[in-house]
Amino acid sequence: MPTSPTPSTASAAADASGGFGAVVRHPLFWPVVALVALLAVNTAVRPGFLSVSILDDHLFGSPIDILRNCAPLMLVALGMSLVIATRGIDLSVGAVVAISGAVALTFIAGAPDPASTTTVFLAIGMALVLGLVLGVWNGFLVSVLGIQPIIATLILMTAGRGVAMLITEGQITTVTSAPFKTLGAGYWLGLPVATLVAFGVFGLVALLVRRTALGMLVESVGINPAASRLAGVRARTIVWTVFALSGLFSGLAGLILSSNVMAADANNAGLFIELDAILAVVIGGTSLAGGKFSLSGTFVGVLIIATLSLTVTNVGISPLVTPLFKALVVAAVTLLQSPAMRRKLAERTRRRGRTAPVPPSDKPADVSTDKVVA
Amino acid sequence: MSTNFRRAGAALFAATLTAATLVACSSEQAPQGGGDGGGESAAASDTIVLGFSQVGAESGWRAANTKSIQDTLTTENGFDLKFSDAQQKQENQIQAIRSYIQQQVDVIAFSPVVETGWDAVLEEAKAAEIPVILTDRAVDSEDDTLYESFIGSDFVEEGKRAGDWAVEQYDGEGYKAVELQGTTGAAPMIDRQQGFADAIAGSDIEMIDSQTGNFTRTEGKQVMEGFLQKYDDIDLVFAHNDDMGLGAIEAIEAAGKVPGKDIKIITVDGVKDGMQALADGKINYIVECNPLLGPDLAEIAKKVVAGEEVEKRIVTQDEAFDQEAAKAALPDRQY
């Protein structure tokens, strides 16, 4: 190919137009494509995959399962997005998830009446306050003492499960409490309560950061902390706040997770959720280098990860190759999201848009393969 | 045996506790002094010094296992137990065993975190003439003179008993079964799957799908939710441990079906929550994986120290419970 290979591919993009190119260049384009592709694969394997029916006054079906099971990750990834936007990272979220569940269930199990609403609200309150306190602790280490976020949160990550084990005395604490079960497994207006809570919090935070200057301040701290401070942004307060929020959201996620199975498992609750959360943020197009962040990207990223888990069961992928399958999907999405790849793709669509109307004029004389435009 | 091999993080301060225990062990050792490597001197003083290295405290099963050992190997029973918790790390276990060798205990017992990599440290124990007893899990070594005896359940047999009961109860009804497997590659997962598959071969129970739930409730529930959406004719669930079975119960109830009736459930372990669900009629059958290895360990340790021959492989007595048996057994369950 002496000049350029573009015309040879133009046939595939006969319908390419300027509008289409803009859609492709949108940061959310590839994550959404990945999500749609995953859903399509599932539907191909089982045509009824996307169908939702009504069962005992609530919606029932795989999409509902995805929405409910993604709730804890949604909350954790929300906090993680904000932390990452300030150039930080929070590795302790999984430990906070375990501690929050342990505290709430141990309290409910020890209460005289586990099924009373007061007990449950007290337990939820305690777990949330504790999550917030742990987040404030992380924020203190990072913003006041200036410890690198990865180290500061590593402390709680390693110690946290031990704390949770101490609280549950090494056992898996199980309770029977109808009001508590509502949070993770209940329904309201036909929709899972867990989803409503997680999406509600997500929407609230999204409004807060995008309709006020808060989001811009967070980004400015992430792009250049020193410059933002000189410009009058209270960088320390902002960093401290995002870590505190991450702790609070992880606490809430821990409550939903433990309520879903009505058990606090100090060893396994939220295990590796920090990695899933970071992954969701990255898939959503937020850079780990801090600065610009995309909550809608995180939202799609979380849905991709939740769908991926269900896909393994639905398609019947052997447990032996499950990690490989997940890695391939994630690698594909991350590749498509990488700046170099995006630039290449954008270039191609731009040229397609330009060359499509008059393909023959660009055609190199020596092209004699079957790829020639018809 | 809900072990999770994926777990990497050992709690910092819990590790400190372990270290403290080891220190305490060494200081306690001082008055014992006289033991010069063989069992005879200790046998003479009637107290057997036994160093035990536990895997960790990862599940209810393991907690019961630890309690059984600590409650049996007491001073009243003629033992001086030195206990350490390895936090799921082989290096901690090797360190603990080395410290027991230095302290010249009479017997070393441990539950190996993993199957391989024990030859060197076991050679050291052999050179110091300290007998070694394995509990719960085996080591994979060419040289079986490195340990005296291995006490533990037969996982293949557990799977087989579960399958045998299913065949006995449901053969001829064309049942469709799904399996919730333990952590991929773990010995209990491989063996229980094998045993169950062997048992149902030849019957008309059909295993239609199998997926890992990592021995945890959350993943057991998620996988079961997927199965329930995928198939609308599941009759039987075989879960490799109670916790995944309990997760499956939640999923089945959420799907508007009745666990134990519409969909039968068979699990392995017999921890308290599982037995309660069995007594409540939500599980149909549990094959016990007995964590109470203390009495067996005490007996073998005494024999070894007295110089008697012991069996190389001792299979612990596992019971199995149906719903009626669970109701009867529940009040007296120790774990």
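All positions are counted from 1 along the displayed chain.
Even glycines carry a Cβ here, placed using N, Cα and C.
Per TrEMBL, the features are:
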type: COMPBIAS; residues: A:363-374; note: compositional bias 'Basic and acidic residues'
type: REGION; residues: A:346-374; note: region 'Disordered'
type: TRANSMEM; residues: A:28-46; note: transmembrane segment
type: TRANSMEM; residues: A:66-84; note: transmembrane segment
type: TRANSMEM; residues: A:91-111; note: transmembrane segment
type: TRANSMEM; residues: A:117-137; note: transmembrane segment
type: TRANSMEM; residues: A:144-167; note: transmembrane segment
type: TRANSMEM; residues: A:187-209; note: transmembrane segment
type: TRANSMEM; residues: A:238-257; note: transmembrane segment
type: TRANSMEM; residues: A:269-290; note: transmembrane segment
type: TRANSMEM; residues: A:297-317; note: transmembrane segment
type: TRANSMEM; residues: A:323-341; note: transmembrane segment
Are the transmembrane segment (A:187-209) and the transmembrane segment (A:117-137) near each other by the rule of at least 3 C-beta pairs under 8 angstroms (pairs 6 or more apart)?
no
Does the chain bring the transmembrane segment (A:66-84) near the transmembrane segment (A:91-111), so that three or more CB pairs sit under 8 Å (pairs 6 or more apart in sequence)?
yes
Would you mind listing the long-range same-chain contacts of the transmembrane segment (A:28-46), meaning Cβ under 8 Å and 6+ residues beyond its ends?
62, 283-285, 294, 296-297, 300-301, 303-304, 307-308, 310-311, 314-316, 329, 332-333, 336-337
